[in-house]
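Annotated transmembrane segment per TrEMBL: 6-24, 45-62, 68-91, 103-123, 143-164, 171-195, 210-228, 240-260, 272-292, in sequence order. Taken from TrEMBL, the feature region 'Disordered' covers 316-348.
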Amino acid sequence: AGFGLGLGLALSSSAFIGGSFVLKKKGLLRLCRRGRARAGQGGHAYLREWLWWAGLLCMGVGEAANFAAYAFAPATLVTPLGALSVLVSAVLSSTFLNEQLNVHGKIGCILSILGSTVMVIHAPQEEEVSSLESMAEKLKDPGFIVFAVCVLVSSLLLIFVAGPRYGQSNVLVYVLVCSAIGSLSVSCVKGLGIALKELFSGKPVLREPLGWVLLVCLVICISIQINYLNKALDIFNTSVVTPVYYVLFTTAVMTCSTILFKEWQHMVLDNIVGSISGFLTIVSGIFLLHAFRDMPFTPSLLPLFLQPGRADLHPPWSSADRHQSCQHQPLLPSEDKGSQSAEEEEEE
């Protein structure tokens, strides 16, 4: 029952989050047409746009469903299902934002979905963390402390060093900030979910300082994610930001869950290969969507036998006047053969 509830919450979360990207982008475009200061340039005029707030509300509902899903299902199941938000965002963007999604992008979205399915099937089972005390012990692990320090240092470098130089031209800068900080926010969500379950069971959770520390850290992480995700959406195409954010966010969360919960230690070889294959499938789909997003795909690029109205240019194979096969053609033209035979006669 808990697994099914977590799965349903994760699916509904993807739908709301995918729609929130489109609503936010629509609000940012309206501000751009009005000549207001853009979010990518440090402006905050989007706070007075109701469409942006509608998108934020949808994201809040999606994140709340995602929050509850983490309390009932492992992070390695909930996180890969975020690929469905890529499909929702791509379809809605092509409908309401007039953003062209070519064949390569559609294939990339399908590959992302297939890869997510494979990862869910072979997802490792994390160790049971049923109380805040066990969560506190895992947060004290030296491996997780090193990971958290690396995330914070790399995020600061991206914000203050790479952001001013490459933030306007490279989609990875701001999205990497959101993904790295998001891996820590998922850990906070998991801990708060455990705290809520203990609270409903009658335990004095409100007296535990760890729950309040996780809540403060979660608010800070979400604020940073919202700020830099808005900058990425304002500068780059939605159908590009969403899948790239998904891949990087999933990678960061899987890495954080592996270090924090030691879930890969009990996996068999089949599940390890399946998880790696699913992740590589997602990366391949994202590459198709990102690398060929500006390449127009018209019917003229198809093979002749697939182009509409061009089938009559190719006579059937059974016709008598079909072209001679290459293996029956002479290797040299007739003139060259004549000159070669004349040279042989002179030598003789």
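Including glycine, each Cβ sits where the backbone N, Cα and C put it.
Curation does not apply to TrEMBL; its annotations are automatic.
Under 8 Å from some Cβ of the transmembrane segment (6-24) lie the Cβ atoms of residues 46, 51-52, 54-59, 61-63, 65-66, 68-73, 77-78, 81-89, 92-93, 96-97, 230, 233, 238, 241-242, all in the same chain and six or more residues away from its ends.
Sequence-distant residue pairs (6 or more apart) of the transmembrane segment (171-195) and the transmembrane segment (68-91) include at least 3 whose Cβ atoms are under 8 Å, placing the two stretches in contact. Tallying C-beta pairs under 8 angstroms between the transmembrane segment (240-260) and each of 45-62, 143-164, 210-228, 272-292 places 272-292 first.
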